[in-house]
Amino acid sequence: MLSRGWFHRDLSGPDAETLLKGRGVPGSFLARPSRKNQGDFSLSVRVDDQVTHIRIQNSGDFYDLYGGEKFATSTELVEYYTQQQGILQDRDGTIIHLKYPLNCSDPTSERWYHGHMSGGQAESLLQAKGEPWTFLVRESLSQPGDFVLSVLNDQPKAAPGSPLRVTHIKVMCEGGRYTVGGSETFDSLTDLVEHFKKTGIEEASGAFVYLRQPYYATRVNAADIENRVLELNKKQESEDTAKAGFWEEFESLQKQEAKNLHQRLEGQRPENKSKNRYKNILPFDHSRVILQGRDSNIPGSDYINANYVKNQLLGPDENSKTYIASQGCLDATVNDFWQMAWQENTRVIVMTTREVEKGRNKCVPYWPEVGTQRVYGLYSVTNCKEHDTAEYKLRTLQISPLDNGDLVREIWHYQYLSWPDHGVPSEPGGVLSFLDQINQRQESLPHAGPIIVHCSAGIGRTGTIIVIDMLMESVSTKGLDCDIDIQKTIQMVRAQRSGMVQTEAQYKFIYVAIAQFIETTKKKLEIIQSQRGQESEYGNITYPPALRSAHAKASRTSSKHKEEVYENVHSKNKKEEKVKKQRSADKEKNKGSLKRNISLTPCRGLRWADRDL
C-alpha cells in the first residue's frame with residue numbers, strides 16, 4: 001500500500017513542476033489541493049522530462065478524474081491508477097505512468113508518526129502490543145492533510161477477554177495549526193502530542209484518553225533520514241535504561257528473528273558439516289544455491305553454504321539485481337565456489353574481509369597469485385592483474401572450464417580492506433564509493449549474473465553491504481522522497497538468509513550510510529539543477545533505461561506562470577466536440593500551460609474503503 005506522503009498541502013502548480021523535475025524521475029507523482037476549485041485536488045505526474053497535471057474531482061460523494069472510475073477516497077483513486085498501469089493515456093497513445101510517489105516531508109521527525117496507515121492496521125499493531133495507553137499518529141485517509149491519533153485504551157473492546165479498545169481521534173490542520181477540536185491549537189503535531197501527554201484527552205463521554213507509551217515506526221521519508229538518525233541517537237527518558245533508539249529498533253528486529261522458521265536440512269546433513277565454516281550458520285533450503293551437474297547419487301554433492309537474496313520490496317519491473325550471500329571459502333569448498341560462480345554467470349565478486357584478521361582465518365585465498373593460473377576442480381582461474389586503492393583491492397580474473405579452454409569469462413574481484421577487525425568503519429564514505437564502483441561495473445555487463453557477496457560467515461558484513469546497496473537502489477529507482485524502512489528491509493533479507501546484519505553497530509551503520517548517500521545526492525542534484533538544460537540524472541541516481549526512452553516523441557511544454565495547469569481528462573466515450581471546446585477554452589485561458597488530452601481506458605475500479613476511524 002502506498003504512503004499518503006504524496007499529498008502536499010501547500011504546493012502550487014509551478015512549484016509542483018519544479019519539485020518533480022528536480023527531485024523526481026519519470027513516473028514520479030504527487031497530489032495537492034486545487035487552487036481553483038475548493039475541495040478538488042490536482043495530480044501532478046512527471047512524464048519524461050515534463051510534468052502533466054490532472055484534476056481530481058471531489059463531488060462530495062466520490063472522487064474521480066472527471067470521468068472514469070469513481071472511488072470513496074483519494075487514496076483508493078491513486079492506488080488504483082498506480083496498480084492499473086496503462087489506464088491513463090493521451091489521445092496520441094502516450095501512457096501516463098503513476099509509479100513513484102514523490103512524498104512531502106513528514107510533519108514531524110518523532111518516531112510515533114507512522115504516515116500512511118488504516119484504522120484497522122493501527123488497531124492490529126496497538127492490540128498486539130497490549131500495553132494500555134500506547135499511541136501512534138497516522139495520516140487521515142478520509143481527509144488529506146489531516147491526521148489521526150490512535151490510542152489503546154485500558155478497557156476491552158467488547159466482552160471481558162476481548163482485545164482492548166482502540167480510540168481514534170481526528171487531528172485537524174487548519175491554517176497551519178493543529179487541533180483535536182475546541183479552542184486549543186498548536187504550532188506542530190509534536191506540540192499537540194506533548195501537551196496531551198501531560199493532560200490527557202477528554203472524550204465526549206467524560207472519560208479520559210492518556211498518551212503514555214509511543215508506538216514507534218521504522219518507516220521514514222528518505223529525504224528526512226538525517227532527522228531520524230538524530231532522533232535514534234537520543235537516549236530514552238528513563239535514566240536507568242539509557243539506551244538510544246538504535247538499540248530499541250535492533251532489539252525489536254532480533255525478537256522477530258524467531259518468525260523465520262525456514263528449514264535448513266541440507267546444511268545439517270552429516271556429509272555437509274565439513275563444508276560449513278560455522279556449524280550453526282546454515283543456508284535456508286528454500287533459497288539456497290544448488291550446484292548443478294552433480295551426481296544425485298552422492299548425498300550433499302550439490303551443497304554450498306550460500307543463498308540467493310533479492311530485494312522483494314521492489315516490484316519485478318523496478319529491480320533486476322540479485323545477490324548471492326555466501327560464507328567465506330574453506331579449503332574444502334573452493335572448487336564448489338568456482339562452480340557456483342561459473343553456473344550463475346557471476347562477473348562481480350565482493351569480499352568484505354581480509355583472509356586473516358586478528359590471527360583468525362576468515363577466508364582461504366580462492367584465487368591464484370597475480371600473473372599466475374591455477375586449476376580449481378573443473379575450472380582454470382587466472383589472476384590477470386591487481387589494482388590497489390586506499391580502501392580496496394581490485395583483481396581482474398579470468399575463468400574457463402577445463403573441457404573448453406576457448407570459453408573465457410572475466411570476473412572482477414573487489415576486496416574491501418578497510419573494515420576494522422571489530423565494529424564498523426568510522427564513516428561510510430569509503431563503503432559508498434566502493435559500492436559505487438561495484439555497481440558501475442555490474443551495470444556495464446548487461447548479461448551478468450548475481451553479484452556474489454561474502455565475508456567470513458556470510459551474514460554480518462555481507463548483510464550490511466547488501467542492505468545498504470538495496471536501499472541505495474530503492475532511492476535511485478523511486479527518487480529522494482520515497483519511503484524507506486531499514487528494519488523492514490533487514491527482515492526481508494533475513495527471510496532469505498538467516499542472521500543477516502548481526503550487530504547494533506552494523507544496524508546503525510546502515511542508517512548513517514544511507515543518510516550520507518542521500519545528503520550527497522541532494523548536493524549533486526542542486527549542482528545539476530543550477531546548470532541549465534541538463535537532465536536530472538546524477539551520480540548513483542539514474543533513471544531506469546526503460547523510463548528514459550519511453551514516449552521520447554511526446555512534445556510537451558510546462559507552465560511557468562499559471563497557478564493551475566491541467567490535463568483535460570475524458571472518458572473514451574466522451575464526444576470529440578466536447579474535447580475541442582475544452583481545448584479552445586484552455587488555449588485562451590492558460591497560454592503556456594501543458595495541454596494534452598488524456599483518455600481513460602474503461603476499466604472497473606476498486607470499491608473497497610479503507611477505514612479512517
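Glycine too: its Cβ is placed from the backbone N, Cα and C atoms.
Copied over from Swiss-Prot:
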- C455: active site, phosphocysteine intermediate (ACT_SITE)
- D421, C455, S456, A457, G458, I459, G460, R461, Q502: substrate binding site (BINDING)
- 560-591: compositional bias 'Basic and acidic residues' (COMPBIAS)
- K310: ubiquitin cross-link (CROSSLNK)
- 6-102: domain 'SH2 1' (DOMAIN)
- 112-215: domain 'SH2 2' (DOMAIN)
- 246-517: domain 'Tyrosine-protein phosphatase' (DOMAIN)
- S12: phosphoserine (MOD_RES)
- S59: phosphoserine (MOD_RES)
- Y66: phosphotyrosine (MOD_RES)
- Y379: phosphotyrosine (MOD_RES)
- T396: phosphothreonine (MOD_RES)
- Y538: phosphotyrosine (MOD_RES)
- Y566: phosphotyrosine (MOD_RES)
- 549-598: region 'Disordered' (REGION)
Lowest local Cβ density among G458, G460, which the record lists as binding-site residues, within 10 Å: G460
Number of Cβ atoms other than its own within 10 Å, given for S12 (phosphoserine): 18
Cβ neighbour count (within 10 Å, all chains shown) around Y66 (phosphotyrosine): 19
All-chain count of other Cβ atoms within 10 Å of the residue listed as 'active site, phosphocysteine intermediate': 25
Surrounding CB atoms that lie within 10 Å of the CB of D421 (substrate binding site), all protein chains: 11
Listed in sequence order, residues with CB under 8 A of Q502 (substrate binding site) and six or more positions away: I459, G460, G463
Local Cβ density at the residue listed as 'phosphothreonine' - other Cβ atoms counted within 10 Å: 15
Three-class DSSP secondary structure - G460 (substrate binding site): helix
Top Cα neighbour of Y66 (phosphotyrosine) in the set of recorded positions S59, K310, T396, D421: S59
Recorded positions compared (S59, S456) - highest count of Cβ atoms within 10 Å: S456
Maximum Cα-Cα separation in Å among residues D421, C455, S456, A457, G458, I459, G460, R461, Q502, which the record lists as binding substrate: 15
Cβ-Cβ neighbours of K310 (ubiquitin cross-link) (radius 10 Å): 18
Among C455, S456, G458, which are recorded as recorded positions, the nearest neighbour of T396 (phosphothreonine) by Cα: C455
